[in-house]
Amino acid sequence: MDWKDVLRRRLASPNSDPKRKKSEQELKDEEMDLFTKYYSEWKGGRKNTNEFYKTIPRFYYRLPAEDEVLLQKLREESRAVFLQRKSRELLDNEELQNLWFLLDKHQIPPMIGEEAMINYENFLKVGEKAGPKCKQFFTAKVFAKLLHTDSYGRVSIMQFFNYVMRKVWLHQTRIGLSLYDVAGQGYLRESDLENYILELIPTLPQLDGLEKSFYSFYVCTAVRKFFFFLDPLRTGKIKIQDILACSFLDDLLELRDEELSKESQETNWFSAPSALRVYGQYLNLDKDHNGMLSKEELSRYGTATMTNVFLDRVFQECLTYDGEMDYKTYLDFVLALENRKEPAALQYIFKLLDIENKGYLNVFSLNYFFRAIQELMKIHGQDPVSFQDVKDEIFDMVKPKDPLKISLQDLINSNQGDTVTTILIDLNGFWTYENREALVANDNENSADLDDT
């Protein structure tokens with residue numbers, strides 16, 4: 001071999017000298033190459049041994065890290081394009097009007113009252129004429145779902161149209177909520193839902209009277225209801241599917257109705273009067289005006305007859321700041337006491353009653369809280385009621401699986417959870433329960449007097 005060729009080869013590959021010591025980086029690169037080679041061979045071998053691995057879908061996709069800006073932007077852009085495409089697939093107002101016109105044109109007499117009806121044959125004809133966007137609604141399954149007792153085998157045009165409208169609204173709302181899903185995982189964090197509601201406020205005529213300075217308190221009040229009931233494990237996020245499935249969003253969007261009755265506003269947690277009521281109560285309790293509630297200030301809540309023992313447990317278990325409660329924690333407290341029949345509220349109160357943290361209430365737990373009721377009765381000049389009688393009544397009402405223990409599920413299943421918890425934490429509630437027969441008789445007498453007049 002010519003010496004020139006040898007020299008050229010040596011200069012072209014300086015690392016080929018076996019005597020030369022490899023650098024640390026070169027060793028790492030070589031190790032990585034070997035690892036990749038052997039791992040690929042092993043992985044390929046696994047695939048060859050079992051063909052079913054090819055059919056298993058990928059179920060984990062790593063989210064971009066904070067420093068991976070390009071990947072984050074790509075993910076955001078792709079999600080935005082996807083949601084825009086989904087939005088274009090929905091029926092717009094003009095297409096909905098056209099659908100209504102086609103349905104009305106193909107109705108089949110006779111009408112039932114003022115309800116226009118349509119049979120399956122014409123139902124399919126409308127589906128062909130309505131266009132590709134409507135295809136999903138014109139199926140045998142949908143027709144059968146809406147078919148009730150019509151002797152001609154028809155369905156109500158209005159019921160079908162309302163079904164389509166509801167579906168379109170659900171998809172629109174899901175897309176709207178998904179725009180605030182920063183992670184793109186089908187969940188909304190507290191800050192995500194806050195942003196959604198904050199941007200929704202200007203579209204709700206019933207909230208026009210709210211001052212902008214109150215917006216942050218309104219948003220906090222609204223968001224807490226979603227998280228109190230839909231996030232029982234306190235993970236800090238709730239599924240978009242759960243938001244759509246519950247009635248809270250319907251209640252919130254009901255505020256678009258400019259002619260909403262006063263009664264409806266009073267019973268709607270999201271209405272301006274309700275939010276102002278809750279916040280006003282908080283301000284009235286805050287006597288030292290420091291923006292927080294102490295145990296003494298909270299003791300004046302409602303009829304001011306809650307026991308000190310129960311209030312102690314509230315401040316032991318709930319999040320506080322230097323022993324005082326902020327507005328967000330207060331909202332959880334209010335939601336629990338105002339909705340005692342709901343499982344989420346019972347879970348909140350049960351945790352406070354379970355002083356031994358055993359997951360159940362026993363005779364000791366019941367006696368611990370009822371003694372405080374007996375003490376308040378003495379202070380108010382009433383004869384204390386025997387604990388044994390109350391204990392027997394509670395166990396008779398709940399009928400727990402274990403005759404000596406009451407679990408949270410026992411309380412929920414009994415449908416008496418609100419009564420039991422009221423008896424144990426509030427003197428006024430206990431007095432109302434104890435005198436229920438006299439109160440019912442008094443109401444009947446008053447009703448009879450009104451009838452006589």
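Placement of Cβ uses the backbone N, Cα and C atoms for every residue, glycine included.
Among the features that Swiss-Prot reports, region 'Disordered' is placed at 1-27.
The domain 'EF-hand 1' annotation in Swiss-Prot covers 273-308. Here the domain 'EF-hand 1' (273-308) has Cβ contacts under 8 Å with residues 210, 214, 217-218, 221-222, 265-266, 314-315, 321, 323-327, 330-331, 333-334, 337, 369, 372-373, 375-376, 425-429 of the same chain, all six or more residues outside its ends.
The feature Ca(2+) binding site is assigned by Swiss-Prot to Asp286, Asp288, Asn290, Met292, Glu297. The DSSP secondary structure for Asp288 (Ca(2+) binding site) is coil. Long-range Cβ neighbours of Asp288 (Ca(2+) binding site) (same chain, at least 6 residues apart, Cβ-Cβ under 8 Å): Ser294, Glu297.
Remote same-chain partners of the domain 'EF-hand 2' (341-376), defined as residues 6 or more beyond its termini with a Cβ less than 8 Å from a stretch Cβ, comprise 228-229, 232, 305, 307-310, 313-314, 317, 332, 335, 384-385, 387, 390-391, 394, 402, 404-408, 411-412, 415, 417-418, 421, 423-425, 427, 430. The feature domain 'EF-hand 2' is assigned by Swiss-Prot to 341-376.
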Specify the secondary structure state of Glu297 (Ca(2+) binding site) as given by DSSP, simplified to three classes.
helix
How does the domain 'EF-hand 2' (341-376) divide up by DSSP, counting helix, then strand, then coil residues?
25 helix, 2 strand, 9 coil
Could you list the residues of the same chain, at least six apart in sequence, whose Cβ is under 8 A from the Cβ of Asp286 (Ca(2+) binding site)?
Met292, Leu293, Glu297
Same-chain residues at least 6 apart in sequence whose Cβ lies under 8 Å from Asn290 (Ca(2+) binding site)
Glu324
